[in-house]
Amino acid sequence: MLKELIAKSFEKSPWLFHLNTGSCNGCDIEIVSVITPRYDAERMGFKLTGTPRHADIVLVTGPITSQSKDRLIRTLAQVPDPKVVVAIGSCPRSTNVFNGSYSVEGPLDKYVPIDVSVAGCPPKPEAIIDGLAKAIEILKEKRRAMK
Amino acid sequence: MQHYPILSIVTLFLGAFLTVIFGSKNETVRKFIALVASSISLILVLMLIKPVMIENNVIQYWMGNWRPIHDWAIGIGLEVDSLGLFFGIIAVVTIFLSIVFSFRYTEKDSETDKYYVLFLMLSGSVLGLVFTGDLFNMFVMIEIMTFAAVGLTAFRNYQEGALEAALKYLVLGSIGSSLVLAGTITIYSQVHTLNMAQISALLFNNLTPSTLFAFALLLAGYSLKAFVVPFHPAAPDAYMSAPSSISMAFSGMVNKAGVYAIIRLVYVLYHAMSFKSIQLLLIIIGTITMFVGVTMALAQNDFKRLLAFHSISQIGYVITAVGVSTALGLTAGLYHALNHTLFKGLLFLTAGAVFYATGTTDLNKLGGLAKKMPQTAAVFLIGAFSISGLPPFNGFVSKWLVYQATYQANLAPVTIVALLVSVMTLASFIKVAQSIFFGQMPKEFENVKEVPLSMRIPMWIMAILCVLTGIFPNFVTKYLISPAVSAALNVGKYIDIMMGNGYAEKILGKPVEIPAVDYVLAGYWNPVAWLVLFALLLLAVTIVAVAGGFNTASLPVDGDDSKYEVFFGGEANEYSHVKGNDLFWGLKYDLRHYFGFMHDAHSGIINDYALWAIFTTTIFIVYIFLLVP
Amino acid sequence: MVVLSYLFYVLVFPGLLFSTIVGLILSGIDRKVVARMQKRIGPPIIQPFYDFFKLLGKETIVPRTASRKTFLYAPVIGLLALVTVALFIPMFKFTAISTVADIIVIIYLLTIPAVALIIGGAASGSPYAGVGISREMVAIISYELPLVIVLLTIGKKVGMALNNGAITFSLSQIVNYQAQYGPMITKWSLIPAAIALLLIIPIKVGSVPFDIAEAETEICEGPLVEYSGVPLAIFKLNHAIKMFIMTSLFVTLFLSGKGTGILIVDILLQVILSAIVVIVSISTLKAITARLKVEQVLKFFWTYPTALALLSLILVWMGF
Amino acid sequence: MKFPYLKEAIKSAFKKPSTEPYPKVNKEAPEGYRGKIKYYPEKCVNCGLCIRVCAPGCITRTIEKVEEGDKVTFTFYQGQCTFCSLCADFCPRGAIELTKDYHLAVTDPKDLIVSGTFIKKAPPKPPVQPQNQPAAKNQESNA
């Protein structure tokens, strides 16, 4: 009985960790606006946490600049399983307009498989909420697969 | 059974002399003599418990069989009542554990024979002071104690600050001793006897001005030995530079001897506890000592110096409780004195273990030792929790008694200060725990090992004692503390035993009944049931853990997988251990004026401290002349 | 038989199960009310249950620099102390365990969870935890002073009425006093003390305006930075139970009385009243103020609540 | 000792929350919102202006010879697109249009690709048969 409860609660209380790898902050303010009263992600249980240790879903924004590359890898490693990586905006997906620049270390999937990518520059908060809904599905499968 | 007290004192002094003769060359002989001497005196004193504590009779022993003739005591008499024996037990236990600890602790030092000689002299003098029934003999023992302590403070003279600390202790100690001597002489000039029982009988409500003057001098002298605040600056330096086993003896025995002398002086000799003004004086001193001691401790950067200031603040607790002259107050005071010796001794031993393993006790240099020295860390935590008064440990019971006593005597501000001081004690020990045992470990302590077994045994013994006295308060009070309290309060029996019956019939009021501190009074929920709860809850949590879909904790695998690195904002982990004076920024910032004033007051110059001492003695004299009738 | 009743007390009624459920419900209500005050829908009331069970399912990572045993056992010790305190707090007539001096035992047992959080944070060996610890300790020092004065005032007030002037520390006597003379909040001399205690509850629970120790934005959750999985779940549970205990302590000290006599209704009344106290003290403050700086917390608590508490102490001392 | 926003907080506690029930009720994007790209291959004339104008260069074209002309497929990789709609503005034919559909959250990147192919017929062959007697035919034609 407890096991289904735990599995169900993964769907009900995913915690987010926001990881900015050199983004122009367009997507960052969109992520934060998801928690404002108008879009209110908290009613679905989302909560921004301060440390990767508490996170289930990692929201990555920005084209991976060379400065933030190894920090990205280290922080993503510190997130306990099951974890889901969501690329917010086009930059993590494909380094957007910064493609080919000397200081950009390429799209996110060079370092970690992207589970959900929300396109848009910046994506609309509703799109982010869609992305998070998809991320919850993947989180549940990963949790089932993890045991 | 008559001869046990004198035998226990003599064995210690004999051990000191034998060490000089035989032990100067061979290390093991020295250790053997010290161990034998301390264990003999330990056994003798423990055998005294049954007759004195349980059957409640007082042992008297006249040196050279010079019995009093025509009701006039000429010879030196030893008188062991339960109050003296209580402090004697504390002293003897501390001596034995300290010697066992110092076997391996002083192996790196040279000339340890002088260490053992001085230490045995110190312990012999403390025992002598506690058992003696003669005022001048008490002065002699205080002299020996002070000079042995000065010698031991400067034992590691290669350490910077050791000689200066010893000089400070010497100057202040001799001021204290001269005050005591002056007081003793003035009393002698009045009552022409030195036997405490007879003095107490003769002084019963005929307090002439010169005996009051003697009372003030003695009170100042003894409180200097107990390192009460106005007189305290010598203590932190002495405790810091002395080897830890010695500073454990200092904080376990030496300032307890000062407290014993104050109790004996105020309760037994002068029956002064009936005067409201004396109670107020003791309570004011105690509260100031409490507060100044702990606030100074918060600002310290060295582990042993921090512990030294805590000893001062805990002595403040004891004196406040003793100042509240109700039976409950005295019970609280004595119980806290016992607990203080246990947990403070334990903490000094952990400081010694840290010094032995790493070579420094500076809070700003250490860190993360819990992984390398797990037992020392566990024992330190027990000591830290007991001193800050967390329930299952012994600090809680005695501190609770102090609050109950002070608040029932309508001293609300004192209770509030006491509770605040207790929280600040907790704060400073969290600071020590974080700076030394937890957090990240600096590179140079990579190959630190746990301290040898012979040092861990005394630590564990004290830790277990700490827990036991916390879990069974009524057992401890019934057998140890209530007899001592009754001995201090009904003085008549003390006098009759020494001077023959009927001598003190005018003092023999009805014996004050002692509230047995059981769970109703101690107000403490029966801790045994608390342990049952502990077991039940642990069971509950494990059931939930096993039944639930838990995955076991993934323990760090070797190699540099950054999953097990500490979250550092994504950065690679470099050494950034939050320690020493990085902590409590908010508090120090808010109280910066107070800390600034305290910093200037402790200037470190000896004549400032001497000025402080003389100034407070004059205040005592003026206060006592004005207020006592 | 006694062991059985102990078992029931400890594991079910005022102990682990009851205080867990009520604690989580109260923190759910708190999050919902804060959301509603910010005009957003806010999570369902049982959201803390979901958080708790999700954390149970997460992987528990023990960092390399952590000292393992202390790191893993710290939350359980905190939980133990909290459940023990839950046994002491009377609900209108019913007390699981009552002795002569409950207040002092409660004060000290309530410091154990804070110390457990500190030792757990220290054991994790992270620099954020180090800073979090020093802030938590400053918070403890700042709220201990007014809390003690408030409790001593109440003890004195009840003591003067019931046992001839000597102070009483026992909560059951306080409840009897309120049964005879009406809830304590109606006594005008104790209203400043009530306001002081209302201000102390948020910092004792560690909710937003005073949560300098677990400031997510500044020091990434302070002492909890390295926790994940089961220990973190237990710490969050401690957080919730502490909210229940502090509010039901407030209800017992200021709002209790005869009660209806039927146990179930009394318990319900107690829970509803503590929910109201949660809304009044924790949620409103959380919704309208931002987090204070470290020295502001100390300055705030040693001026306003202490002055209020001292005022009512003096009033009670003078016999009002 | 004033408490900011206290009145407002209490008032809004009793008002209806202003959260939009998004996941249940699908919300229309505002007018002129530059969302998902829609490509009309039949309008496109393969002039390549959009490729030149696209900043991130997310438009690619493949041309392949087919017997009646060349088969051109345009692929718009929205994962790289900044939705600036320059391509839509510059397209002479108006073949690219950014719709108001903002649902771009996808799990596999393939869904972000919008593509369309069309066959650009070569110009009609001239009716004259192929020139086989170059000299003679010229005299006859100009005589």
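Numbers run from 1 along the shown chain.
Backbone N, Cα and C atoms are what each Cβ position is placed from, and that goes for glycine too.
Checking the ranges B:61-78, B:115-132 against TrEMBL, the transmembrane segment annotation falls on B:115-132. As stated in TrEMBL, the feature transmembrane segment covers range B:167-191 out of the listed B:167-191, B:492-516. Counted over residue pairs separated by six or more positions, the transmembrane segment (B:459-481) shares at least 3 Cβ pairs under 8 angstroms with the transmembrane segment (B:83-103), which defines the two as touching. The recorded stretches the transmembrane segment (B:341-358) and the transmembrane segment (B:83-103) share 3+ CB pairs below 8 A when only pairs 6 or more apart in sequence are counted, and are therefore in contact. For the transmembrane segment (B:6-23), the partner stretch with the highest count of Cβ pairs under 8 angstroms, out of B:83-103, B:115-132, B:167-191, B:609-628, is B:115-132. Of the candidate ranges B:83-103, B:115-132, B:167-191, B:609-628, B:609-628 contributes the most Cβ pairs within a distance under 8 Å of the transmembrane segment (B:278-299).
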